[in-house]
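Taken from TrEMBL, the feature transmembrane segment applies to A:56-77, A:98-115, A:121-141, A:153-173, A:179-202.
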Amino acid sequence: MNIFRFAGDMTHLISIVVLLLKIYATKSCSGISLKTQELYVIVFLARYLDLFTDFISVYNTVMKLVFIGSSLAIVWCMRMHRAVKRTYDKELDTFRHYFLVLGSFVLALLLHEKFTFQEIFWAFSIYLEAVAILPQLVMLQRSGNVDNLTGQYVFFLGAYRAFYILNWIYRFFTEPHFSRWIACLSGLVQTAFYADFFYYYFISWKNNAKLQLPA
Amino acid sequence: ESEAQVHDEL
């Protein structure tokens, strides 16, 4: 474990806490893409298949349970919670995310570290996570004005993988046989998707103005 | 044969 990875995990956790806060405090999920949240449930379930077989550390196991539990809770809330589901902007959340699932799985069948069930699903989860934010980014552009908590949620979500890139650079230089090219390349693509969001987020922060994404 | 590297990252 290194400081970059720990910072990345904490930033990821903060993004989830901010989203839960928004939903529970405002009893609203307006501006949040249910499709992105569903993709994250698939990402975590596919990635943490080794939850009960490989014990790495208490921290690792606890964080996996937190990520799986929180992503399921958010999807349950947006689909089932009477007050919250009414605020879901279904007509703005129109990205056909099934293609993202299909494309990531096909790519995982082609590009993986080992052709085993667990490795295929691990690579699938890595590729899917890289594109999982797309429905949310498209929805933000459609909805125009972005409320603060939603903006902060997306910001922390993008920042966490940027910390992981620093972690991979650090491990590359400090560990002899470290090679995580699948996670690294996918992480670069994932962070790149946030580039324009980060730009408009920075502008809104600098001008102390509301976050506006160009339609 | 690269050892099955356990994914120690989240």
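Residue numbering: from 1, along the chain as shown.
Glycine is no exception: its Cβ is also placed from the backbone N, Cα and C atoms.
Values in this document were obtained by computation on a predicted structure and should not be read as measured data.
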Practice item. Considering only the recorded stretches A:121-141, A:153-173, A:179-202, state which has the highest number of Cβ pairs under 8 Å to the transmembrane segment (A:98-115). Key: A:121-141
Exercise for review: Residue list, the transmembrane segment (A:153-173) vs rest of chain: Cβ under 8 Å, 6 or more residues beyond ends.
Suggested key: 2, 4-5, 7-9, 11-12, 14-15, 18-19, 22, 32, 133, 136-137, 140, 179-180, 183-184, 187-188, 190-191, 193-194, 197-198, 201
Check your understanding: Mind checking which residues reach the transmembrane segment (A:121-141)? Cβ under 8 Å, same chain, six or more beyond either end.
Key -> 31-33, 35-36, 39-40, 42-44, 46-47, 49, 89, 92-93, 95, 97, 100-101, 103-105, 107-108, 111-113, 150, 154, 157-158, 182-183, 186-187, 189-190, 193-194, 197, 213-215
